[in-house]
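Visitor: Below you will find the structure I want to go over with you.
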Amino acid sequence: GWQGVAFALLFLGVLMPSGAASAAALPVVINTWAFRTAAETAWRVLESGGSELDAVERGCGQCEIDQCDGSVGYGGSPDESGETTLDAMIMDGNTMEVGAVADLRHVKNAIGVARKVIEHTKHTLLVGESASLFAVRMGFPYEDLTTRKSLSLYSEWLNQSCQPNYWKNVVPDSSKSCGPYKRREEVTYKKEQTSSRRSIHNHDTIGMVVIGVSGTVASGTSTNGAIHKLPGRVGDSPIAGAGSYADSTAGGAAATGDGDIMMRFLPSYQAVEYMRMGTDPTVACQKVISRIQKYAPKFFGAIICANTTGSYGAACNKIPGFTQFHFMVSNPLLSRPTEQAVDCI
């Protein structure tokens, strides 16, 4: 009777307040941006009996191979010395274990190394050249991450007087010329603008949440960071609770965008905590974005959220040139991994 119909409508999410029908079903794979091959790879891993962690590792690893948008993996986002370095993390929502690498040099499969941090060490985060040495011990090839493309991005940037860059309050004037920079002698209280300098085409990160049939949650990220970053800069991606967070008792979330601003708010942790309190995933994502807006109204960023029933959502901060955020979803109700979009708030 009509109760069955009402139930079906509820199940399909037609009565969801946000209007976006996020039909809840497990398993679910959700990832940032329209990175389709990453979604397909993760889904294939699940279908062939792989674990949620396997799906996250292989899905994000696919973006490292594909160099998604030039913002994940080798040969993209060269730093101020022209080198590409990688950040990644993976999190097991059953044990709450995290493996992460930051400022990883000379090793392409950053999320693969992060997984080995969980499997073969009692640590959570390894950094820099020492992380590369660990990777080599674990059998990963040591290779150059520089390509013709990243070299040309680097030389173009040098020719444009090193614009844009991430320095402030230094001499020479960082908005007009290259370094080496020194701090200014006199104390000045010039308020710097906090808007994101980075182009919205620099997508920064793949973030992924996978929830299995039994509600087991895993999450992960991989990125080559902000283009022209200071060497040694680490963003939100490899930081648990910032780049992503997974808790099999509540759900998972992953963030993308201006990590320097977003990481201060632990957005992924916050989103999972909202979902733990019963907040709808879309609303949880929106609340996280609006908390950051109070301090940095012009920040570039987005977040994806999914709870243990398989309900999911996303939100983004509306700025010129970035009014919609695209992400991928795979679940049994969709015939294939599907690109979805939300309007930014």
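Any Cβ shown, glycine's included, is placed from N, Cα and C.
Quick paste from TrEMBL:
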type	residues	note
ACT_SITE	Thr205	active site, nucleophile
BINDING	Arg233, Val234, Gly235, Asp236, Thr256, Gly257, Asp258, Gly259	substrate binding site
SIGNAL	1-23	signal peptide
Visitor: Under 8 Å between C-beta atoms and at least six apart in sequence, can you list the same-chain neighbours of Gly235 (substrate binding site), or say none if there are none?
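Guide: Same-chain residues close to Gly235 (substrate binding site) (Cβ under 8 Å, separated by 6 or more) are Asp87, Asp204, Thr223, Gly225, Ala226, Lys229, Gly243, Gly259, Asp260, Met263.
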Visitor: What are the non-local neighbours of the residue listed as 'active site, nucleophile', defined as same-chain residues 6+ apart in sequence with CB under 8 A from its CB?
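Guide: Result: Thr32, Ser71, Val72, Thr221, Ser222, Thr223, Ser237, Gly243, Ala254, Ala255, Thr256, Gly257, Gly259.
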Visitor: Across the record's substrate-binding residues Arg233, Val234, Gly235, Asp236, Thr256, Gly257, Asp258, Gly259, the largest CA-CA distance in angstrom?
Guide: 16
Visitor: Near Arg233 (substrate binding site), which residues of its chain come within a Cβ-Cβ distance under 8 Å, counting only those 6 or more away in sequence?
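Guide: Spatial neighbours, sequence-distant, of Arg233 (substrate binding site): Asp79, Asp103, Tyr166, Gly225, Ala226, Asp260.
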Visitor: List every residue in the same chain as Val234 (substrate binding site), at least 6 positions away in sequence, whose Cβ is under 8 Å from its Cβ.
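Guide: The list for Val234 (substrate binding site) reads Asp87, Ala102, Asp103, Val127, Gly225, given in order along the sequence.
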Visitor: Just how many other Cβ atoms lie inside 10 Å of the Cβ on Thr256 (substrate binding site)?
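Guide: 30, counting other Cβ atoms within 10 Å of Thr256 (substrate binding site).
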Visitor: Enter the number of other CB atoms within 10 angstroms of the CB of Gly259 (substrate binding site).
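Guide: For Gly259 (substrate binding site), the 10 Å Cβ neighbour count is 28.
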Visitor: Out of these binding-site residues, Asp236, Asp258, which one has the fewest other C-beta atoms within 10 Å of its own C-beta?
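Guide: Candidates: the binding-site residues Asp236, Asp258. Fewest Cβ atoms within 10 Å: Asp258.
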